[in-house]
Structure formats: C-alpha cells, structure tokens
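Student: Encoded as structure tokens, here's the structure I'll be asking about.
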Amino acid sequence: MAASKENEIESGCIQEEAVSLGNIIKETGDFGTFQIIGTFISSLNLLVLSWSMMTMAYSASVPNFTCVVFQNGTNLTSSDTCDVNGTVCDIIEYDPNLRTIVSEWGLVCDRQWVSQTITTIQMSGMLVGGIFWGHVSDGIGRKPTFFLNVLVLGVANLISYFSVNWQMFASMRFIIGLGSTGFMAAPLMFEYIRNRWRVFLLLIPSFSLWASVMAAFCFWSRDWKLLNISIAVAAGVAMFGWFYFVESFRWLVSNGKIHLAQEAIRKVSRVNRRPEPNLTKLTVVIEREQKEAEMTKSLRVYSVLDLFRTRQIRKTTLLFALIWLFSSYSYYGIAFGVQELAGEFFLNLFLVNIIDIPGNYVAVLFNTWEGRKLTCTGLYALGGVFGLLVGIFKFINLSISGTALNALALSAKLCVSAAWDVNELWSQESFPTVVRFIGGGFISSVSRVGSMVAPQIITLSRDIKGLLYLVCGIVCLLSTGLCVLLDETKNRDLPDQIQRHDTRSNKRGK
C-alpha cells in the first residue's frame with residue numbers, strides 16, 4: 001500500500017514536471033526554424049534601435065566652419081573660431097561636405113550648448129520610458145509593446161526629418177528616447193527560447209554591429225536628414241515582422257488566454273515542422289499559474305522602499321546604483337564624444353562602436369574564469385587608468401601620437417563596456433528574488449542620469465581639454481573601489497528573501 005502510494009506520488013511529480021511552459025516550448029522545437037528566423041528579424045529590428053539611439057554621435061558633431069567678418073570692403077576669416085581679432089562673425093560658413101544639425105541651425109559659438117543638450121533630452125526620454133514600459137508590456141502583451149515602439153521610433157524619426165527648428169527636433173529626440181526603452185521591456189524571442197540557448201543569443205553583438213554599420217552609412221550619406229529618413233524606412237519594413245511573430249506564450253498563459261496560447265504553439269510547431277504538443281496540458285499549466293497568482297496576491301507586495309529597508313540590501317542597492325551611473329556616463333560619454341578623438345571622424349565613429357564586440361567576449365571569458373568581482377574590479381581599474389591618461393595628455397596638451405591617444409581611449413571604452421556587461425549579471429544575482437526586478441529597474445533608472453550628464457561634459461570639454469576623459473577615469477577608479485565592497489556571486493545560490501541576503505553577506509564578512 002505504501003509502495004503504491006509512493007508510486008502514485010512519484011508519477012504525479014513526473015507529470016507535474018512534464019507539464020511546464022519550458023517543456024511545452026521544448027516540444028515545439030526548442031531552437032528550430034521559428035526561433036532562428038525570429039532571432040534574425042529581431043536583429044534587424046535592432047538596426048532601428050541602435051541607429052535611433054546612436055545617431056546623435058553624428059548628428060550633433062560640429063563640422064569645420066569659417067568665421068567671416070566684413071571690414072572695410074574686405075572679408076576677414078578665421079577657421080573654427082567665433083571671432084576674428086575680437087570682432088564677432090558676420091556670417092559663419094560650414095563645410096558643405098558634412099551636414100549635421102549644427103550646420104542646419106547654426107549651433108556653434110553662443111549656441112554650442114544646444115546640440116549636446118538635445119542628446120541629454122534624448123537620454124531623459126529613456127529615463128522616463130524605463131519607468132512605465134515594463135508595466136505596459138505586462139498589461140497589453142509583449143508583441144503589441146514591441147511593435148508599438150518600432151512605430152514610435154519610425155514616426156519620430158520621420159518627423160525629425162521635417163523638423164524646422166532645433167526645438168522641434170529635440171522634442172522628437174525625447175520621443176525616440178522614450179521608445180528605445182520599450183524594446184528592452186518586450187523581449188519577444190527570449191520567451192520562446194530556453195535558457196541554454198539564451199547565452200548564445202547574448203553573444204550576438206547585434207546592437208554594436210548595427211551601430212558600426214551606421215558609421216559606414218554616415219560616411220556615405222554625410223547628411224543627418226538622410227540618416228533619419230532611412231531609420232524611418234527601416235522601421236516601416238520592420239513593422240512587417242508583426243505578421244511573423246506570435247505573442248509571448250508565457251504572457252498568454254499568465255493571463256489565462258488559453259485559445260491564443262494554443263494558436264501560438266500550433267504556429268511555432270508548424271514552422272519548426274514538429275508534431276503539435278498535447279495542448280490539453282495547457283489547462284493544467286493555466287490552473288497552476290492562476291493558483292500561483294492568487295498566492296502571490298496574498299503575499300506581501302514589495303516596493304522600491306524595500307531596497308533600503310536593511311543595512312545590507314541598502315548597501316547593495318547604493319553601490320550598484322553608483323557603479324551603473326558611472327558606467328553609463330563613461331560608456332555614452334565616449335560613444336557620443338567621438339570628436340574628442342584624433343584623426344578621421346567616420347573611422348573613429350566606426351571604431352568606438354565596433355570595440356564593444358571584443359568587449360562582449362572579454363566579459364564572457366573573464367566572467368567565466370574569474371567570477372564577477374575580480375573581473376569588474378580589474379576592468380574598471382584598467383578603464384580608469386586609460387581614461388586618466390587620455391584626459392591628462394589632452395589637458396596638458398602633451399605632444400603624443402593621435403593613434404596612441406585613440407588606442408588608449410578605445411581601450412577605456414572596451415573595459416567599460418565589458419565591465420558593464422558583467423555588472424548586469426552581477427547585480428541581478430545580488431538582489432534577493434523578492435526585489436530582483438525592482439532592484440534592476442531602480443539601478444537602471446539611476447544609470448540614465450549618467451548618460452544625461454555625459455553630453456554636458458562633452459560640451460564643457462570644448463573649452464576644458466580632456467575633461468570628458470578625466471571624469472571618465474575618475475569614475476571608473478571609483479567604481480573599482482565600489483566593486484571591492486560587493487560580494488562575489490559566482491557559483492552561489494541566489495538569495496530569495498531580504499533576510500537571507502543579509503545573513504549570507506554577514507557570514508562572508510566574518
């Protein structure tokens with residue numbers, strides 16, 4: 001009788017284990033034709049995202065210009081200055097081979113602050129978007145949210161093309177920043193791919209690759225308007241992906257939409273040429289999901305305030321928030337401050353984006369070998385040294401090869417990019433389960449402040465040479481010290497509760 005009961009329990013456990021979202025997805029082909037094509041289309045959609053986000057690296061650049069003063073029937077000129085022998089320019093003539101918003105609306109001299117302020121406005125849009133897109137995605141679904149943002153970026157770039165003044169253009173940059181974060185809040189393909197394939201997808205550097213392609217496009221077009229209209233066209237093409245993608249299976253199940261969930265599974269199975277799974281399993285899954293939802297409602301609801309409730313969780317929150325803020329400043333400061341580099345602008349624009357690709361692999365390699373703490377500490381230390389060297393050389397106007405200076409600057413970008421990649425994983429592993437999503441959202445929002453400050457420092461660097469990289473070096477070295485204060489999480493169980501997080505950290509401190 002006892003044995004019979006044990007067999008019954010064991011059979012029930014096996015059945016329960018088999019009836020799971022992951023196993024149903026696995027039966028449809030795991031990583032088959034549907035996922036491969038979907039990943040390719042998603043990568044193309046990242047063209048819209050990366051070009052929209054990084055276009056200001058070109059559009060806000062300052063072309064060579066000539067100050068012309070009419071005096072006694074003659075024309076006095078001076079290159080890249082705002083006066084001739086103390087006399088203010090009568091007209092400013094821009095290099096006709098480089099059309100940017102600076103030449104379009106005369107954003108030099110007393111209006112030189114405008115172009116980078118527009119970049120700050122864009123990044124503030126990302127700050128606002130990060131606050132609510134996650135809730136929108138949970139409410140209306142991943143697919144509508146994703147393509148709503150493709151539409152937003154397409155329309156905003158189209159309107160940017162027709163902008164009649166910089167104020168109109170700036171308002172569209174805010175909308176573009178707003179729409180950019182929606183891509184991140186609605187990860188469509190990730191929810192149809194099981195964990196063992198997700199790491200592989202993270203190694204595909206689509207964002208950096210497309211940003212590098214943008215540099216080549218800018219070299220060919222040399223026109224900010226053509227860049228914006230091209231993004232709008234790409235967004236229009238990307239909208240056709242609506243007819244291929246299906247709604248997130250997990251979202252449909254979580255919201256009790258069993259009929260639509262069955263249709264989604266049928267389509268995935270059909271494209272992958274796999275037999276249709278037993279869809280009666282969905283009933284069991286949905287019942288379990290509903291029970292879990294009811295249990296969740298009866299449990300305590302956590303908020304941002306819980307990130308500061310105890311000494312240890314407060315320490316974790318503040319340290320990661322500062323590290324992310326410093327990382328964001330350094331990353332976007334170098335990315336948008338391409339004109340701080342020596343030599344050919346378009347080559348530098350290409351290099352400053354493509355350098356993220358080896359940085360991505362450096363992050364994966366050292367993260368696997370050495371763990372989160374040592375990897376981040378070492379990378380931030382190196383990035384800080386490289387950044388300080390560039391800043392000091394520029395500040396004291398030391399005679400040094402432009403190639404060597406660029407190599408140091410790009411090395412700093414590589415280190416920051418790689419360290420930030422590792423930090424994303426490290427921070428998620430450090431927050432207890434009950435506040436992990438809240439913690440990640442909070443530090444991500446704080447990081448936007450760094451990306452908003454960076455363009456302003458770029459503007460100041462035109463008068464204070466090397467300031468951008470001096471600040472970059474300092475904040476990277478500060479990040480090094482902050483990393484030392486955090487706990488290693490490699491090969492350690494993730495904490496579920498705040499109390500367990502505190503206990504685990506206290507034991508390590510002894």
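Note that Cβ sites are derived from N, Cα and C of the backbone, with glycine treated the same way.
Straight from TrEMBL, here's the annotation block:
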DOMAIN    31-491  domain 'Major facilitator superfamily (MFS) profile'
TRANSMEM  34-54  transmembrane segment
TRANSMEM  113-134  transmembrane segment
TRANSMEM  146-164  transmembrane segment
TRANSMEM  170-190  transmembrane segment
TRANSMEM  199-220  transmembrane segment
TRANSMEM  226-245  transmembrane segment
TRANSMEM  318-339  transmembrane segment
TRANSMEM  345-366  transmembrane segment
TRANSMEM  378-396  transmembrane segment
TRANSMEM  466-486  transmembrane segment
Student: Report, as numbers and ranges, which residues of the same chain sit near the transmembrane segment (378-396): CB under 8 Å and 6 or more residues beyond its ends.
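Tutor: Hits for the transmembrane segment (378-396): 330, 340, 362-363, 366, 370, 405, 408-409, 411-412, 414-416, 418-419, 422, 464-477, 479-480, 483.
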Student: Tell me whether the transmembrane segment (345-366) sits in contact with the transmembrane segment (318-339), defined here as at least 3 Cβ pairs under 8 Å among residues 6 or more apart in sequence.
Tutor: yes
Student: Return the stretch with the most CB pairs under 8 A relative to the transmembrane segment (146-164), choosing among 34-54, 113-134, 226-245, 466-486.
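Tutor: By the under-8 Å Cβ criterion, the transmembrane segment (146-164) pairs most with 226-245.
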Student: Quick one: find which recorded stretch in 34-54, 226-245, 466-486 has the most Cβ pairs under 8 Å with the transmembrane segment (318-339).
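Tutor: The stretch I would name here is 466-486.
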Student: Determine which residues of the chain contact the transmembrane segment (226-245) at the Cβ level, with the cut-off under 8 Å and only residues 6 or more beyond its ends counted.
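Tutor: Residues 37-38, 41, 44-45, 47-48, 51-52, 55, 58-59, 143, 146-147, 150-151, 153-155, 157-158, 160-161, 188, 214, 217-218.
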